[in-house]
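What TrEMBL annotates here:
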COMPBIAS  511-520  compositional bias 'Acidic residues'
COMPBIAS  523-535  compositional bias 'Polar residues'
DOMAIN    24-505  domain 'Major facilitator superfamily (MFS) profile'
REGION    509-535  region 'Disordered'
TRANSMEM  69-88  transmembrane segment
TRANSMEM  100-119  transmembrane segment
TRANSMEM  163-190  transmembrane segment
TRANSMEM  213-232  transmembrane segment
TRANSMEM  340-364  transmembrane segment
TRANSMEM  370-389  transmembrane segment
TRANSMEM  401-420  transmembrane segment
TRANSMEM  440-461  transmembrane segment
TRANSMEM  482-500  transmembrane segment
Amino acid sequence: MAGNQLGVLNALDVAKTQWYHFTAIIIAGMGFFTDAYDLFSISLVTKLLGRIYYHVEGAEKPGNLPPNVAAAVNGVAFCGTLAGQLFFGWLGDKLGRKRVYGLTLMLMVICSIASGLSFGHSAKGVMATLCFFRFWLGFGIGGDYPLSATIMSEYANKRTRGAFIAAVFAMQGFGILTGGIVALIVSTAFDHAYHAPSYETNPVASTVPEADYVWRIILMFGSVPAAMTYYWRMKMPETARYTALVAKNAKQAASDMSKVLQVDLLAEENRVEHESSKSFGLFTKKFARRHGLHLLGTSVCWFLLDIGYYSSNLFQKDIFTSIGWIPPAKTMNAIHEVYLVARAQTLIALCGTVPGYWFTVALIDYIGRFAIQLMGFFFMTVFMFALAIPYHHWKNKSNRIGFLVMYSLTFFFANFGPNATTFVVPAEIFPARLRSTCHGISAAAGKAGAIVGAFGFLYAAQSTNPTETDAGYPPGIGVKKSLMVLGGVNFLGVLFTLLVPEAKGKSLEEISGENEDEDVVHDQQQASSVRTVPQ
């Protein structure tokens, strides 16, 4: 394959692991650290927002966000992320990865800070401005998905490319963990500084005025890691694959990568002109024939994964409350409730989420993307049904530890499974001129699934008994049936994984067919659709 490949691209494929690989992982990974922190930190403070802004005088339970407000606060960032993934994915192929990379980061920094500075004192004013800034925060986060994945895949060598892209995504785990730790520190500090009685003792005094600073500090902290990496993002050169294969400037590609690899590389202008004759667009029969099923597979798998993954992550607090691991809200003051929710989510992240990501990093280039994704969906299905079918057994106080172990294992196999591979694979299997766009489409399908999970689970998980639902919510199907639905969704993921090809150990040009004649590529990809697991 090297014989058909531009010299600069072959040099990247066979390069030994060097310092610039780790620099790229950190620069791209800190964006994902911020993404995860910002997207998941909202679940730590929604109960507090309900207590502060929706307190009802004389009510038996503390204030709760009304259904429409809760849906908006939880889901609006996902809507922004979906739009950002499509827009910046397309822009990354049109203008170049580097030119729009800094823009997404600045949007994340500004909107993280603005989220905590939501204007006004009325519930309507605060929630409206919080949702406005979280939409644009999500828009910036959305751009980070296709750009970070594409940049890392185009910088990496083919031997360890999967691990490098997965390592960027694994920073999400640290972002979720840090969100919990920041919430623990802030809530502990405020709880000690401003002693407050429980809600059932004194409803009004249980939420001290200073509690309004708690959620703002937690949300604003997300701007810190993003701001720290802005300078280094701007210093990264454009990827050689974009410069050579899309911008058609082999001389600049060779010059940029000579500095990165610290070797002399020869520009191959004639080869670039020859490659340009093979171009085809996204909405063409040639693309549909070569990559149509691949795009369907990556998009549907990401969609199905995120229905379960985000609904479980965002509503951990409701599941923990339903099994009694977090006491009833009325037995606590507002800030202590933040502490207990953060403690529960931090333990789940520490025991299941973070280890799962790094298992993927360690093994993806040995056992392959296909095997990890298939295994992950399978075990997520098993553990969801294992939680759902004997659900009333898990609600007994003596069985709560068992529930938490099983629940942690679903997150472990999500991250040592499709949550990582759905991010990695779209950055590898499409042509350079469409790589960022196709990754953006796949990721946007995932966020559509997250929106279904965030909005749907909010209503579905409500009790079937009208007297036990949260204020303003109609009866749902209950947590047990909701978990069974999620188990079914995960099983569909097993089936659609069969459409996704294996990319382990191949160059990007070999996988996408950019080096080969059309007939050869078509024959190879027909064989790939029959056998996706490498021998």
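Even glycines carry a Cβ here, placed using N, Cα and C.
Sequence-remote contacts of a segment are chain residues at least 6 beyond its ends whose Cβ falls under 8 Å from one of its Cβ atoms, and for the transmembrane segment (213-232) they are 23, 26-27, 30-31, 33-34, 37-38, 41-42, 44-45, 48-49, 52, 102, 105-106, 108-110, 112-113, 115-118, 175, 179, 182-183, 186-187, 190, 335, 338.
Across the candidate stretches 100-119, 370-389, 401-420, 482-500, the maximum count of CB pairs under 8 A to the transmembrane segment (163-190) is reached by 401-420.
Within the same chain, residues 40, 43-44, 47, 162-163, 166-167, 169-170, 172-174, 176-177, 179-181, 183-184, 187, 316-317, 320, 325-327, 332, 372, 404, 407-417, 419-421, 424, 504 sit at least 6 positions outside the transmembrane segment (340-364) and bring their C-beta atoms closer than 8 Å to a C-beta of that stretch. Counting Cβ pairs closer than 8 Å to the transmembrane segment (401-420), the top stretch among 100-119, 370-389, 440-461, 482-500 is 370-389. Predicted-model confidence for the domain 'Major facilitator superfamily (MFS) profile' (24-505) is 86, expressed as mean pLDDT.
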